[in-house]
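Per Swiss-Prot, the features are as follows:
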TOPO_DOM  1-35  topological domain 'Mitochondrial intermembrane'
TRANSMEM  36-55  transmembrane segment
TOPO_DOM  56-74  topological domain 'Mitochondrial matrix'
TRANSMEM  75-99  transmembrane segment
TOPO_DOM  100-243  topological domain 'Mitochondrial intermembrane'
BINDING   178, 213, 217, 224  Cu cation A1 binding site
BINDING   213, 215, 217, 221  Cu cation A2 binding site
BINDING   215  Mg(2+) binding site
């Protein structure tokens with residue numbers, strides 16, 4: 001269990017569950033998933049029980065006396081699924097609107113997808129030339145990886161973000177459609193040429209988070225990873241000064 005928790009911040013071969021959440025949005029998605037799975041397991045158990053009874057007693061006439069017409073049974077198998085759907089729908093809609101809401105961001109980062117790399121722009125900060133701070137992020141080739149770096153996930157210039165800060169991500173593309181997806185942050189947003197999509201995030205713990213382009217964008221589609229380093233506000237400001 002401890003090993004599983006340690007590895008859940010990054011994609012793992014044959015991974016069977018979500019990566020560890022680092023934002024309220026992702027925490028809500030995981031909770032919704034667990035609730036929906038509870039109702040699905042209940043329904044699966046009920047249907048399996050009914051099928052077993054039908055197959056086990058298929059030679060007896062008595063069990064089928066009220067099977068083809070029974071007002072109580074019809075009411076039960078209509079009311080209970082309807083209640084389950086409502087109990088799944090309300091939390092789902094609340095989470096959907098919460099994820100779309102951009103709440104007074106303290107800073108904005110623009111991510112632009114290109115074949116086959118990402119370009120990040122920190123709109124709230126200027127460099128020494130008085131221009132908006134921006135840089136490009138390329139995947140590190142396999143033959144240049146250092147010990148501890150991840151194949152097809154590590155990049156030469158990661159995005160750096162402060163924790164406990166409301167951030168707005170503005171996503172677009174310059175050539176074809178891409179997709180900015182960061183599982184641990186609960187972010188998955190299309191990067192469309194000529195269109196500026198936005199989402200928000202509040203990273204609650206320091207760490208390194210990985211994502212990958214999730215829209216088929218060409219031959220090197222699998223070579224467009226994203227890497228976010230979440231640091232304290234002081235470390236973030238020190239990093240800004242170094243750029």
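Using the three backbone atoms N, Cα and C, a Cβ is placed for every residue, glycine included.
Note that the structure is a prediction, hence the values are computed from the model and not measured.
Locations of recorded Swiss-Prot features on the structure.
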residue : record                    : CB count, 10 Å
178     : Cu cation A1 binding site : 30
213     : Cu cation A1 binding site : 24
215     : Cu cation A2 binding site : 18
217     : Cu cation A1 binding site : 21
221     : Cu cation A2 binding site : 17
224     : Cu cation A1 binding site : 27
Shell list (Cu cation A1; ref centroid = CB of 178, 213, 217, 224; cutoff 8 A): 113, 115, 116, 179, 191, 212, 214, 215, 218, 221
Rounded Cα-Cα span from residue 221 (Cu cation A2 binding site) to residue 213 (Cu cation A1 binding site), Å: 7
DSSP-derived helix, strand and coil totals, residue by residue, for the topological domain 'Mitochondrial intermembrane' (100-243): 20 helix, 68 strand, 56 coil
C-alpha spacing of residue 178 (Cu cation A1 binding site) relative to residue 221 (Cu cation A2 binding site), in angstrom: 9
Pairwise Cα distance for residue 215 (Cu cation A2 binding site)/residue 178 (Cu cation A1 binding site) [Å, integer]: 5
